[in-house]
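A.B. asks: Quick paste from TrEMBL:
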- CYS48-CYS60: disulfide bond (DISULFID)
- CYS53-CYS67: disulfide bond (DISULFID)
- 43-78: domain 'Chitin-binding type-1' (DOMAIN)
- 1-43: signal peptide (SIGNAL)
Amino acid sequence: MTSSWFLHILSTNSKMLTHTISKSISLVTILLVLQAFHYTSKAQNCGCSSELCCSQFGFCGNTSDYCGVGCQQGPCFAPPPANGVSVAEIVTPDFFNGIISQSESSCAGNGFYSRGAFLEALESYSRFGRVGSTDDSRREIAAFFAHVTHETGHFCYIEEIDGASKDYCDENATRYPCNPNKGYYGRGPIQLSWNFNYGPAGTAIGFDGLNAPETVATDPVISFKTALWYWTNRVQPVISQGFGATIRAINGALECDGANTATVQARVRYYTDYCRQLGVDPGNNLTC
């Protein structure tokens, strides 16, 4: 699931509020608090003054939350240079197939997910697995595939189990209005969910995320692109904090802070195993 980025946005923009928010607060409440608390934001959907940045979420400010990853316009901060790592040389056929071979032959993901589709999608995300040292790259790749393994059951599932019966339309996300005839449940390697993710992902990638969200389950390259889009925008900025921070960025609201320790430990097991396969130390701060 990919709803917990709201918690991250809230914590970075309003540290005074984070200690007052309990785990029982709904996403709707968080959205209302977030909208009310943007005291540093001069305008939604930008139109910022020249000295302010327009963030990836359409607000104005001058900190890294606005001028960093996803900054749309203004004095955006330059990203650190990419290293010379070849992701394709790390994600070998043996590594990739070693994951998917653990799923049943009857799985919907067999014949859909492939290393070729991943590498084709990767061409649009040149910074994935290429920030920091070579070891940093290996840890990031291990983390990505650990989450993908957990979310899809070793590439077995394309769509969330019983997802069509669930409501993933957040009507407060007015920038991305829901189509009442479509469902925004989990799809693809990272199980992209919610209209507020399908909308901007579609815009960035080039498909109609709000009116054709099923594209994520029918086009394997777009499917991997949604995972890489979410990762580079929501997860990569916190990966230096340890694997635990990546769990929080992906599904923290439902798993972190004791909410579901079993799933946290499952993700950690995949991560440490993949780090072992890639010959890199997993680092510290593995849980959330």
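Every residue gets a Cβ built from N, Cα and C, even glycine.
Caution: TrEMBL annotation is automatic and unverified by curators.
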A.B. asks: How many Å separate the Cα atoms of CYS48 (disulfide bond) and CYS67 (disulfide bond)?
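C.D. replies: Here the two Cα atoms lie 12 Å apart.
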A.B. asks: Cβ atoms within 10 Å, counted per site: which of CYS53, CYS67 has the most, among these disulfide-bonded residues?
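C.D. replies: The most densely surrounded of these disulfide-bonded residues is CYS53.
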A.B. asks: Report, as a single number, how many Cβ atoms besides its own are within 10 Å of the Cβ of CYS60 (disulfide bond).
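C.D. replies: Excluding its own Cβ, the number within 10 Å is 23.
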A.B. asks: Quick one: give me the count of other CB atoms within 10 A of the CB of CYS48 (disulfide bond).
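C.D. replies: CYS48 (disulfide bond): 23 neighbouring Cβ atoms within 10 Å.
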A.B. asks: If you average the pLDDT over the domain 'Chitin-binding type-1' (43-78), what number do you get?
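C.D. replies: Taking every residue in the domain 'Chitin-binding type-1' (43-78) and averaging pLDDT yields 79.
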A.B. asks: Provide the three-state DSSP residue tally for the domain 'Chitin-binding type-1' (43-78): helix first, then strand, then coil.
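C.D. replies: Residue counts in helix, strand and coil order: 4 helix, 5 strand, 27 coil.
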A.B. asks: Round to a whole number and give the Cα-to-Cα distance in Å for the pair CYS67 (disulfide bond) and CYS60 (disulfide bond).
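C.D. replies: Cα of CYS67 (disulfide bond) to Cα of CYS60 (disulfide bond) measures 9 Å after rounding.
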A.B. asks: Distance check, please: Cα of CYS53 (disulfide bond) against Cα of CYS60 (disulfide bond), rounded to an integer number of angstrom.
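C.D. replies: Computed Cα spacing between CYS53 (disulfide bond) and CYS60 (disulfide bond) is 5 Å.
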